[in-house]
Amino acid sequence: MKFSYSFVQVVSLLLSLSPSVEGFTRSRNDACKPNHPFRPLPPSQPRTKTCHVVSNGHGKDDSKNIMQALHKCNNGGKVVFDANKVYTVGTALDMTFLKHIDLEVLGKIQFTNDTDYWQAHSFKHGFQNATTFFQLGGQDVNVYGGGTFDGNGQVWYDLYAEDALILRPILFGIIGLKGGTIGPLKLRYSPQWYQLVANSSDVIFDGIDISGYSSSKNEAKNTDGWDTYRSDNIVIQNSVINNGDDCVSFKPNSTNIIVQNLHCNGSHGISVGSLGQYKGEVDIVQNVLVYNISMYNASDGARIKVWPGVSSAMSEDLQGGGGLGSVKNITYNQMYIENVDWAIEVTQCYGQKNLTLCNEHPSNLTISDIHFKNFRGTTSGKRDPDVGTIVCSSPNVCSDIHAENINVKSPKGTDEFVCTNVDKSLLDVNCA
């Protein structure tokens, strides 16, 4: 069931297309294939006027020109970033006022490498020290055109190697958007996560091309493709992701999410979590479908990661544990893997290396109604003889976890799973 070659061809074609009409007229619901959103997406109103953003050129800040065009064409217009032009952004842009507007990005939007400015002025979102170059929100907003957003990440990769506590901006911040289409677009060299989708609903991401590696010895770290947070009814599809962390991550209070037709390379898998990081807070992730995924050269394929009930530290800038909540109705269906460490990983000891301590203080989050189906491929062999791990910190917090038609082997031909504190009768895998 290796569909990667033809799949990449199809996605490449999709990424090469950009709308040429005066506004974004394609139905959001019709664009969602083969699986439709949990709730119908609202229609986009016609656009009747066009504004072209003026580029100052020579690396001069174009932020004022961008904001002027957005205000001029808000409520029924289209703002165009012209082809073969570079737009420089050196100012944090609050674009949460947008309504019934399209942004057609044909050229390149590049953010400056002034790390002192961005640490002081980027938008702070609280969760996991997330900050963004800009925040785009409002109602009925479409961003497309096949152009490029460039985060100038190299200076950040090198700076993070010196100081793990710096605040690295996220390239693309969707904050408080109600109804929208994002893509096709190219996202390059994000300092941290590529996209944060927070406090948003009814948004489809379609045809996103993500790539950006370090050119120095310092890796590009924490470069998640998408992180959904406090968001509902989101569709992510038809995209190619070359990165160094989660391909997609469902952060706290992500509900009714469809992820389909992705090619992920170099990632940490498609992950629920991490959840339960903040003591006393309630994290819920439910109603998620992940379908038709190709996963290459990754640490994980499908992943659920939950913090234990005791304080733990994943790294200097990532600590937590003791949170509450639930993970429910999550399905991973049809995943091809190649050179992936774990085909499936479920852990409630995220960030805690002392497993005895973790088991003494089991997670406060429950995991239930989980389905892993139709997996094919070969692991990296790093975990030989195991190819997957489904481990709960207590049988009292895990139930109804299913695995069926899992045809994954290591390079040596083994297919063992680590299965702890789960009902093995529901797992059609070789629990060692």
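Here the Cβ of each residue, glycine as well, is placed from N, Cα and C on the backbone.
Of the cysteines Cys247, Cys349, only one is given by Swiss-Prot as the disulfide partner of Cys264: Cys247. Around the Cβ of Asn364 (N-linked glycosylation site), 23 further Cβ atoms fall within 10 Å across all displayed protein chains. Between the C-alpha atoms of Asn329 (N-linked glycosylation site) and Cys247 (disulfide bond), the distance comes to 20 Å. Cβ-based crowding with a 10 Å cutoff singles out Cys247 as the top-ranked of the disulfide-bonded residues Cys247, Cys264, Cys392, Cys398.
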